[in-house]
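Written out below as structure tokens is the structure these notes cover.
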């Protein structure tokens, strides 16, 4: 550290205090009863300020730079603006000793001999607090929360911003050691607030905010008058009776003198955020110094040691960025580092450290030796077992115990010295002198070896890795490179301030200067890039650069020198440069250049570095081919060009080497079909077609299907074109293809039809099937698309497909719950068994679901089916038996439908007489087995209720008695029990009006007939109305002999004369069944009345029938529609 005087001035009176404006542009001095304002840049007195009547003792600037304050012996404090105008004045009862602004709130503390005051712009008056002793100094903490007061009686009082005392520190010397100056450390990095205290007991001390002392008192040997910190708190300035300003570390270690004066130093301050110091003295002298902190450091390969905070040494590993700090607690004067040794020179001794281990990344140092002796030297060098001291022209070699072993006397001043390696105890030194002489000295040899002598003074030196070349930077900033053996100057470069050889490459060096880094390989031109600082080392691709006080490892790609070698086809040398460190792009470029130059070994190494397996496979294949005896370099180079994308060059080489087919394969593989066509010219049409097919395949693979379809069509590949069009749903394209194809091309046309069906275009599919005449597929198409009308029309023209149409139609109807139509379709298709099976399933479902009306209808339909099948003589007897059975079940379920509705629904749709008749009909019919779904309980319950209501009390009582023996549902239980009791109050006979009459023998039959629904006298079966279930006035008759059944039917079918208007019933008995036909005279148009049709095997009263037909638009029993003309 050295101090350079920038400017000096002299006032007429003592300078008691001074303050910098926070931006450092102005300096305010307290001189006599005036304030002097100086420009800090050149020491110009800007303006004297008059406002005080007596000596000004103190001055302070606010942190924001808007105001400053001054305190005087006239007991007043004046507030000034930054424009040097006084704006406020207030007084104390005694002279003002010190003033200080709060750094946060800008509250002003002013201290006098017996009190102190606190004032801020927002308050009208000054709040004052008494003091037990004269206050000599004051200082605020960084956060503005506390104010420390130093007193003449040796006490330090720490107050909060309201003036209340929080901590009291009593110094050991008491009033014999007045506190003359205090200052808080402004550093934001410190965890605790630290107060520096200087007293006239000639001690420097440090305290925490709590009042606890840090460390011990430091003896000063003079009376301190002022103490102040640097802006960041790293150093302390102290001035006083020793007529000089001393620089201390923040821990109180003295570092040196800033400037010696002719009288006491009353004040000294540091310019904000700088290394400038101003000193004010008793005799009025004002001195402005610049402090220059020299760099103390040492470098060996990737380890850099430098001084920090003047007393510490930091060793930095430039590769791993690890750092270790060695605290010496004394001023570090010199540093030297070599391999595992570190030497530190302190004022009174030299410390030699060594690494704990031989690990290259180990950063732990321990003290090996101490040489307790004061040395004066310009340069310090450490070796494995020695230290070398350089002083002017003399070199001294000392052992680690401090014994001088050798000494060398040079002809001129030593300007540069460097250890260049060697065995321990026999290391070599490279020495450069001011007279231009360059020597090599071995520490175990007394004689120096002159390497060469040049005309200019040496500034920097370095020797190449193989010790064959020497680089010198002289005082003219020229870098000169010599061959050591021949002493020949190889080349020289201008604008150099430092130079370094690459430790891993013999022919590479770098030098810095003029803000540029210059890299030179062999004798090639210099490559430049911007870089601030000095080059001090060059290892591989890392250049170690010292800029101001920091050392950094700059990663510099060695691209430029590598390309210089590549330009000259020096592939092996370029590879060596690349190994030092280049980008992946550079490696790839080297690999490509070597490959094109057919330098396969270098190319393989480079491609391995970038992990390019494609090119490595290419190189391996070429090497294998060379082993097999191939020697055609054109062919090898063509493969290389094709891999690199230089396809036209590759094609030319393939053609030149007689391998046109390889060029064609290359173009087609790369989908460069136009180039392939150009290459072919007007060649073979087969090859052209093959090219188009390959082009179409490629277009398909890259999702260009339309282009692919067009190419396939032009190449005649219709199947592939149809496949792509179909997969993408292009119906228009398929239509064009199908219409252009000949009908003989059956396979592609079938594919078209398949895709038409898939894309829901059955019309075009039908057109295609017709084109090729495939009627069976056309039928299947109509069936699959459910276009039944077209299918039926086709079936009419071609009966052989009838089965293929109606069976799927029936199945489709059944799947869509149209079972009746499905049954008819099965019947129409001649599938009688399926028709019967559908009806049986329908019937069973209807019964299970309690749809008894539907069940009756389905049983009736089953009976009709059986009747149709009975026309076959082989099945006549069985089918007729089934016919009667199904007819009987139909009648039962038809009647039971009313009973079920009566018992399940809240309202009755039938008259009591009808329900009475139905329940009697069912009871008489259920003499043997009861069909599924029909409940005797419901039938008897209905009969009992209706009998009671109609006066058939005897029958009702019988029904209730029958119910007692059956299992009765809970919901009927109460009603039946009540009915059983109430019927006993009725007479034990039935109403005569209800007794049925046999219209054949006129016999009254009982209501409860054990024989069933026949007359007890003549055994004539009763014929019931299918709606009201009353006994109809019908009698069975027999044909006379000689009249056949057919004649009888024809007679019955004869129409009545038109002029007759009466209606009459005709009963026809045929095959043990009765048919009731209603004939009515029609109008002159001759249209059949729908009610005259033969609808079923059941009988109705005409009025009931007409009403039911109008309600249902069909027969209520067989459900044939009234507009159905079929018989």
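Keep in mind that glycine also has a Cβ here, set from the backbone N, Cα and C atoms.
The domain 'IFT122 first beta-propeller' annotation in TrEMBL covers 2-188 (among others).
Per TrEMBL, the feature repeat 'WD' maps to 49-80. Sequence-remote contacts of a segment are chain residues at least 6 beyond its ends whose Cβ falls under 8 Å from one of its Cβ atoms, and for the repeat 'WD' (49-80) they are 13, 16-23, 28-37, 86-101, 103-104, 106, 108, 110, 112, 117, 119.
Mean pLDDT for the domain 'IFT122 first beta-propeller' (189-292) in the predicted structure: 92. Under the heading domain 'IFT122 first beta-propeller', TrEMBL lists 189-292 (among others).
Annotation comment: TrEMBL describes 297-551 as domain 'IFT122 second beta-propeller'.
According to TrEMBL, the feature domain 'Intraflagellar transport protein 122 homolog TPR' maps to 558-937.
The domain 'IFT122 zinc ribbon' annotation in TrEMBL covers 991-1035.
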**Request:** Taking helix as H, G and I and strand as E and B in DSSP, count the residues of the domain 'IFT122 zinc ribbon' (991-1035) in helix, strand and coil.
**Result:** 3 helix, 7 strand, 35 coil
**Prompt:** When DSSP states are grouped into helix, strand and coil, how many residues of the domain 'IFT122 first beta-propeller' (189-292) land in each?
**Reply:** 0 helix, 60 strand, 44 coil
**Fill in**
Checked against DSSP, the composition of the repeat 'WD' (49-80) is 0 helix, 19 strand, 13 coil
